[in-house]
Each structure stands twice: as structure tokens, then as C-alpha cells.
Amino acid sequence: MVTMGLLLALSFVVSLLALAFLIWAISNKQVAPDQHDARVIFEPGDEGHVDSGETATSRPYHFDTVRSGIDAVSTRPVAVLLIAATVWLVIGSVFGLVASLKLHWPDWLSDHAALTFGRVRTLHLNLVIYGWLSQVGIAAMIWVLPRIFHTPLRAPRLPLIGAALWNAAVLLGAIAIANGWTDGEEWLEIPWQLDLVLALAGVFFMVPLIKTTLARQVHHIYVTGWYFLAGILWFPCLFVIANLPYVHSGVEEATVNWWFAHNVLGLWLTPIGVGTAYYFIPKIIGKPVFSYAVSLIGFWGLALFYSQVGIHHLIGGPVPTWVATLSVVHSVMMFIPVIAVAINQHITVGQNLWALKESLPLRFIAFGALMYTMASFQGSIEALRSVNSVTHFTHYTVGHAHLGAYAFVTITMFGAVYHMLPRMTGRVFRWPALINAHFWLVVIGFAIYFFGLSIGGWLQGLAMLDGTRPFSESVILTKPYLEARSVGGALMTLGHLVFAFNVASILLPQRVPESVRTVPAE
Amino acid sequence: MNNYLPLSIISLGILAFATLMLVIAPGIEMARPEPPAGLRPYTAEEQRGRDVYVSMGCLYCHSQQPRAPEQAPDGERGWGRPSVSADYFYDSPHQLGTMRTGPDLLNVGARLPSESWHLTHLYQPRAIFDWSIMPAYPFLFEVKAKAEEGDVVVALPPGFAPAEGVVVASQEALDLTAYLLSLDRTYPAPEDGIRDDGYRPRGDAE
Ligand code: HEM
């Protein structure tokens with residue numbers, strides 16, 4: 001017991017010391033990223049100009065030939081990944097909607113095992129995480145890293161092989177889950193045999209990105225690069241260790257499970273979302289982020305604290321007290337890196353609100369970045385023991401999961417896709433109103449979803465904690481909120497259909513009068 | 001930050017440190033050579049039933065980890081004593097769960113020991129509780145004109161029985177029920193049982 005208490009203290013002290021050292025190093029210019037480094041995202045002439053031009057009505061974007069040479073190489077792999085991701089987004093959302101409806105219409109579609117709630121929900125999670133978010137994230141990496149390194153993507157064919165393998169594994173994984181073949185742990189349901197294929201596919205994504213990094217033409221690695229490059233190392237390690245068959249069992253398996261599952265959010269999806277926002281916000285606005293030095297604290301703080309929060313999913317459970325407490329403490333410490341990111345991103349947007357009018361993609365990305373702050377603050381508070389007792393086993397947690405995975409990462413990626421596509425194709429979106437419609441559908445849908453589940457989940461938690469109220473009360477009182485979630489989710493799903501239409505409309509060859517075209521990408 | 005190698009090494013080092021803290025150290029602490037007295041391994045039938053439980057995704061609505069009385073009234077609800085890590089000696093994949101859309105099931109075999117109740121409930125939860133939102137699992141059952149030798153017939157209230165014939169449990173349904181009935185950790189918790197005691201009033205901890 002004593003030694004374990006020591007370990008707890010040790011972990012905390014090490015993390016704090018590391019952070020203190022970092023702050024010291026920054027203030028003493030030992031590591032000195034200065035505002036000059038933050039400008040590495042701009043080509044000469046970019047800075048000071050808004051980078052919009054997705055639609056025929058907005059000003060044509062500044063297009064520079066050096067960059068178009070870079071983009072031209074990335075376009076193919078990025079397009080393939082984006083198309084696949086979009087398909088999974090739509091299918092995954094439909095499964096989410098079906099799962100949601102089933103929670104208040106339990107006898108709907110109950111004749112087949114493949115359509116039972118436990119499987120439909122699992123399909124939803126795996127398709128949106130591995131099919132949609134992971135792929136759109138890798139697409140963004142393939143697009144952004146060569147740009148910030150000022151050199152074309154190396155080995156640009158490998159990601160195509162990777163995409164083929166990855167999508168085959170996701171598809172087979174979905175079929176396996178629908179038929180009841182699952183590894184049986186949340187976030188790790190895809191059978192490990194198929195996980196091997198996913199891991200192999202990952203290699204085909206990592207090699208080109210690392211080769212590009214090593215061949216870079218600039219001295220400095222821009223902050224987005226830190227997040228992306230660390231993410232592509234962290235995720236494979238997590239994925240392989242957690243999926244090792246026959247190694248884990250009992251409660252130890254549960255700790256591996258939540259170490260993995262929370263790190264998928266913290267060390268994979270979050271770097272994707274934060275890294276993307278860190279590139280596109282200043283790039284679109286045409287001004288560097290507010291304080292580049294602070295971004296270092298955001299990054300290393302995330303690495304130190306986020307990596308240790310996973311056991312907050314087992315608070316009050318059969319795990320050693322100290323490890324639950326450790327995760328609670330680190331969850332609260334997450335305020336530090338989150339505030340650091342918030343300072344950079346929100347102030348940069350806040351000082352340039354005019355740009356939201358100019359650029360539709362920026363609206364998505366700025367909204368997503370704001371939701372990152374919200375989701376993280378909420379998560380830190382949710383991990384407190386007193387709050388966790390109420391929320392832990394309820395729909396409140398699902399609301400929180402969507403604030404992070406949906407409102408933050410997914411919506412940020414929508415913006416990134418809308419920004420990349422015109423530059424990939426040399427075309428413009430012909431129906432900007434549909435981009436706007438997509439935005440409002442998902443934002444309003446999400447708001448209904450989130451407030452519905454947060455209120456309903458909280459009441460559910462209070463009912464369960466009150467021993468004088470029968471369990472049935474906690475079920476009955478949530479029904480209207482579950483219905484509200486289905487309404488919100490339906491709007492979101494509709495928004496995704498509009499998104500898919502927008503993506504298809506710009507990618508498919510179109511007969512457009514020459515006058516509405518912008519400069520073709522070579 | 002201008003170099004790739006240090007960035008990678010430190011990032012991976014931090015992850016390794018986190019793994020040590022969250023996985024390896026607690027794993028060593030919880031590892032035990034022996035199951036607690038009172039816990040027996042699953043029979044072949046119960047294990048098959050457990051596989052059905054896993055493959056149907058009961059996990060997404062049911063936890064298997066009663067909380068301590070200081071934290072929640074799980075004991076009052078009949079869900080059992082606070083569980084300790086040793087209670088899961090034979091469990092893989094673990095099914096601790098994170099949702100209580102339905103009740104905790106770690107001791108459901110002790111609370112609801114009737115096979116017939118579970119079969120009815122799995123066939124149609126609303127035949128028992130009209131407010132239930134648990135899915136029905138009709139595909140684990142068969143409707144036959146007449147029960148044959150050895151068939152287990154599901155008792156159903158009027159309105160839920162098919163117009164003609166009888167509902168008979170499949171082997172999967174019987175296995176699943178056997179697993180549910182085996183869920184019973186009412187033996188005393190081992191002295192050195194490990195669990196999160198963070199809700200104990202201060203001064204009460206050892
Ligand atoms: C692409 C966007 C989406 C992402 C990234 C996403 C992500 C997630 C995640 C991470 C979970 C697990 C939550 C937990 O275990 O706490 C989940 C569950 C769920 N999501 Fe989504 N989701 C998305 C869109 C949707 C949509 C459009 C709906 C439609 C209603 C939906 C409905 C659900 C439902 C019903 C669950 C299961 C909740 C439960 O087990 O009670 N999601 N989703």
C-alpha cells in the first residue's frame with residue numbers, strides 16, 4: 001500500500017517537474033520557439049491575406065506555384081482517404097441513429113441478431129472512429145505535413161496501399177461484429193486477427209510521413225507537426241499492446257482497456273483535431289497564432305497528463321485506489337494544456353472575427369476548437385469523485401463523448417475537408433448554401449443531442465444514487481431525453497448526407513463555365 | 001522544437017511511463033496466483049453463455065461492478081457487495097462495463113435464481129416490466145407447433161405468446177441463462193481484496 005502511494009506521488013511529481021522544467025526552459029530561451037517559427041506555415045506573400053476562395057463568390061485564393069507542386073503530390077492519397085472516410089461517416093451515423101432509436105423503441109428491428117442494440121452500437125463506434133475519424137485524420141496529416149515542411153510527400157503510393165488495407169479491415173471488422181465475432185471490450189471489438197491488418201496498414205501511412213519529415217526543407221517543425229508526428233507513434237503502440245491476444249485478463253485487462261480507450265481520444269483523436277486547428281486557423285486568417293511559446297506547454301502538457309487519465313473510467317471499481325486517484329489528478333491537470341491551446345486558438349480567432357465571414361471552413365474549425373476547450377473542461381470536472389458518482393454509469397457520459405469526438409474532432413475535420421478539396425481539385429463549391437446548411441444542421445442537431453443527454457443523464461444518475469427510488473425510475477425518466485437525442489442525431493445524420501453530397505459534387509468531374517473556376521492546381 | 005528524433009523519443013518515453021503507471025504497476029499489484037475461496041471456474045455451458053453475453057453486447061447496458069455503500073446504494077438494490085479485483089479471476093474478456101442503462105449484473109444469479117424468469121425476460125423484457133427498454137432477443141428462441149422431448153418451453157403471459165404454438169429456448173438461450181445464474185459473488189470478499197476505496201470517509205482507510 002505504502003509503495004503504491006509512493007508510485008502515485010512519484011508519477012505526479014515527475015509530471016509536474018517535467019512541466020516546470022519546460023516552463024523554465026522556455027523562459028530562459030533554452031528551447032525557444034518564437035513568433036518567427038510560427039510563420040513557417042506561410043509561403044512568401046501568404047501572410048496578411050485571408051486564405052479563402054472555396055466558393056465562386058469569395059475572393060480567389062492566393063495560390064502559389066511552389067505549394068501547388070507540393071499539393072499535387074498529396075492530392076491522390078488524400079482524395080482516396082477522404083472518399084473512404086466520408087462513406088464510413090454516413091454509414092456509421094446511420095448505425096448511431098438506429099442505436100439511438102432502439103433505446104426508446106426497443107422492439108424495433110429486433111428479429112435479427114445483427115441488428116440488436118449491442119451490435120449496432122458497436123458498429124457505430126468502430127465505423128466512426130476507425131472508418132471516419134482515423135482516416136480523415138491521416139488525410140489531414142498527408143496534406144498538412146508536406147506543406148509545413150515545404151517539400152512534397154515522399155513515397156506517395158504507399159498511402160494508397162495503406163488505404164486499401166485499412167478499409168478492407170474496417171469492412172471485415174464490421175461484418176465480424178455484425179455476426180457476433182468480437183473481442184468483447186469497448187473500443188477494441190474488432191477481432192485481433194483483423195487488427196493485424198489495420199496495424200500493417202498503419203505502417204503504409206507512417207513511412208511516407210516520417211520520410212517526408214526527414215526530408216523537410218525547413219529547420220523548424222511547426223506545432224501541428226508535433227501533434228501529428230507524436231500521434232502516429234503513440235497510436236500504433238497503443239493499438240498493438242492493447243490488442244495482444246491471450247496476454248491480458250480479469251481486471252488487469254480492464255485497465256489495459258481504458259488505458260487504450262482514453263488514449264485513443266487523448267493521444268490520437270485529440271492530436272488530429274488540435275493539430276488540424278493549429279494549422280488551418282492561422283493559415284486561413286493569414287496571421288500566426290497568438291503566442292507560439294505557449295503552444296509548447298499545450299503539447300507537452302497533453303502528453304504528460306492525458307496519457308494517465310484512462311483509469312477515471314474505473315473510478316469506484318475493483319482497481320487499486322491509488323491508480324484511480326492518479327487518473328483523477330491527471331484529469332484535473334488537463335486544465336493546463338487545454339488553457340494553453342485555448343489561448344492560442346481562441347485569441348487568434350477572436351482578434352480576427354471578420355475572417356469567419358470570409359471563410360466557411362474557418363467557421364467549422366473555430367467552432368470545433370472551441371468545443372475542444374469545452375469538452376476538456378467538462379472532462380476534468382467529470383473526473384472529480386463527487387461528480388463522477390452521479391455521471392459515471394449514465395447517458396451523461398455519452399453526451400460528453402460526443403462533445404469531444406463529434407463537436408470537437410469531427411466538426412474540425414469537416415472544416416479541414418472543405419478547405420482542402422478546392423485546393424486539391426482546382427474547383428470551387430458550386431452551392432455554398434449547402435455548406436452553410438451542413439453547418440447549421442450539425443450544430444443544432446448536436447446541441448439537441450448534447451443538452452438532451454446531459455440533462456437526462458444527470459437526472460438518471462441522481463435517481464440511481466437515491467436508494468429510496470426504485471431502479472425503474474432511472475429508466476423511465478430518461479425516455480424523453482433519449483427521444484430528444486434521436487431528433488438531434490437525425491439532424492446530424494442529415495447534415496452528414498449534405499456533407500457527402502458536397503464532397504461528391506466537387507470531386508466528380510463537372511461541366512462548369514470557365515468563369516467560375518479558380519486557378520487549377522497545375 | 002526542430003528535431004524529429006528527440007520529439008519521438010520523449011513522446012514515446014512519456015507513453016511508456018504512463019503504461020508503467022496505469023497498466024504494469026496495478027497489474028503487478030493485482031496479480032494473484034489463486035482465485036478467492038468461494039469462486040469457482042465457469043462450466044463449459046456457462047462459458048458458452050458468457051460468449052453469447054459478449055457477442056450480444058449486453059455490456060453496453062449492464063455493468064458488473066457493484067459500488068461501495070459509501071458511494072452508491074448498490075447493496076440496498078440487491079446488486080451485491082463491492083467487488084474486488086480477485087472476483088474476476090476467471091473473466092476474459094472482462095465485462096466490467098461503463099453503463100447502467102440496466103441494473104448491475106455481477107450477482108444477478110443470486111438475486112434472480114429462476115431459469116424460467118430469465119428465459120421469459122430474454123424473449124421479451126416487456127412481458128415482465130412494461131417500462132423496460134431492454135432489447136428483446138426473439139432470435140435466441142424458436143416457435144414450434146408443439147414442444148418436443150427435452151425442449152424448454154418459455155412461459156409467457158397472454159398477449160406476448162405467439163398466436164399458435166409454443167416458444168422454445170435455443171441452446172444459446174439456455175447457455176446464456178446458465179451464465180446469468182452463475183453470476184454470484186456473494187461469498188465473503190477476500191481479506192486482501194483490492195478495490196477503489198477512494199469514497200471511504202477519511203480516517204477509515206487502513
Ligand atoms: C461522426 C460522428 C460521431 C462520432 C465520432 C461518435 C462517437 C461516439 C462514441 C465515441 C461513442 C461511445 C460513447 C461512450 O461509450 O460513452 C458513441 C456512442 C453512441 N453514439 Fe455516436 N458518434 C457520432 C455520431 C453519432 C450520431 C449522428 C448519432 C445519432 C443519434 C450517434 C449516436 C450514438 C449512440 C446511440 C451511441 C451509444 C450510446 C450508448 O451506448 O448508450 N452518434 N458515439
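Along the chain as shown, the residues are counted starting at 1.
The backbone N, Cα and C atoms fix where each Cβ goes, and this holds for glycine too.
All annotation found in TrEMBL is predicted automatically rather than curated by experts.
For A:6-26 (among others), the entry in TrEMBL reads transmembrane segment.
Long-range Cβ contacts of the transmembrane segment (A:78-103) within its own chain (Cβ-Cβ under 8 Å, at least 6 residues beyond either end) map to 109, 115, 117, 120-121, 123-124, 127-128, 130-133, 135-136, 138-139, 142-143, 159-160, 163, 166-167, 170, 417, 420-421, 424, 482, 485-486, 489-490, 492-493, 496-497, 499-500, 503, 507. The annotation transmembrane segment is assigned in TrEMBL to A:78-103 (among others).
TrEMBL lists A:123-146 (among others) with the feature transmembrane segment. A Cβ distance under 8 Å defines the sequence-distant neighbours of the transmembrane segment (A:123-146), meaning residues of its chain 6+ beyond its ends; these are 70-71, 73-74, 77-78, 81-82, 84-89, 91-93, 95-96, 98-99, 152-153, 159, 162-163, 166-167, 170, 173-174, 177-178, 186-187, 189-190, 198, 205, 208-209, 212-213, 224-225, 228-229, 231-232, 264, 268-269, 272, 275-276, 279, 405, 409-410, 413, 416-417, 420.
The annotation transmembrane segment is assigned in TrEMBL to A:158-178 (among others). Remote same-chain partners of the transmembrane segment (A:158-178), defined as residues 6 or more beyond its termini with a Cβ less than 8 Å from a stretch Cβ, comprise 76-77, 80-81, 84, 88, 114, 119, 122-123, 126-127, 130-131, 134-135, 138, 142, 189-191, 194-195, 197-198, 200-205, 207-208.
The list of residues near the transmembrane segment (A:222-246) in space but at least 6 beyond its ends in sequence, with Cβ under 8 angstroms from a Cβ of it, reads 33, 37-38, 40-41, 137, 141, 144-145, 148-149, 183, 188, 192, 195, 198-199, 202, 205-206, 209-210, 213, 256-257, 259-260, 263-264, 267-268, 271-272, 274-276, 278-279, 289, 292, 295-296, 299, 303. Per TrEMBL, transmembrane segment is recorded for A:222-246 (among others).
TrEMBL lists A:258-281 (among others) with the feature transmembrane segment.
For the domain 'Cytochrome oxidase subunit I profile' (A:258-522), the model's average pLDDT works out to 93. Under the heading domain 'Cytochrome oxidase subunit I profile', TrEMBL lists A:258-522.
The annotation transmembrane segment is assigned in TrEMBL to A:293-315 (among others).
According to TrEMBL, the transmembrane segment annotation covers A:321-343 (among others). For the transmembrane segment (A:321-343), the residues of the chain that approach it from at least six positions outside its boundaries are 4-5, 7-8, 11-12, 15, 19, 255, 274, 278, 290-291, 294-295, 297-302, 305-306, 308-312, 314-315, 369, 372-373, 376-377, 379-380, 382-385, 388, judged by C-beta separation under 8 angstroms.
The transmembrane segment annotation in TrEMBL covers A:364-381 (among others).
Residues 51, 54, 78, 82, 128-129, 132-133, 136-137, 139-140, 143, 265, 269-270, 272-273, 276-277, 280, 284, 359-369, 371-372, 374-376, 378-379, 429, 435, 438, 442-443, 446, 449-450, 453, 492, 499, 502-503, 506-507 of the same chain, all 6+ positions outside the transmembrane segment (A:401-421), place their C-beta atoms under 8 angstroms from a C-beta of that stretch. Taken from TrEMBL, the feature transmembrane segment applies to A:401-421 (among others).
The transmembrane segment annotation in TrEMBL covers A:433-459 (among others).
Per TrEMBL, the feature transmembrane segment maps to A:487-508 (among others).
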Contacting positions for the transmembrane segment (A:258-281) when only residues 6+ beyond its ends and CB under 8 Å are counted: 41, 129, 133-134, 137, 140-141, 144, 147-148, 186-188, 222-228, 230-231, 234-235, 238-239, 241-242, 289, 295, 298, 302-303, 306-307, 309-314, 341, 344-345, 348-349, 361-362, 365-366, 368-369, 372, 404-405, 408-409, 412-413, 415-416, 419
Selected stretch (most C-beta pairs under 8 A with the transmembrane segment (A:433-459)) from A:293-315, A:364-381, A:487-508: A:487-508
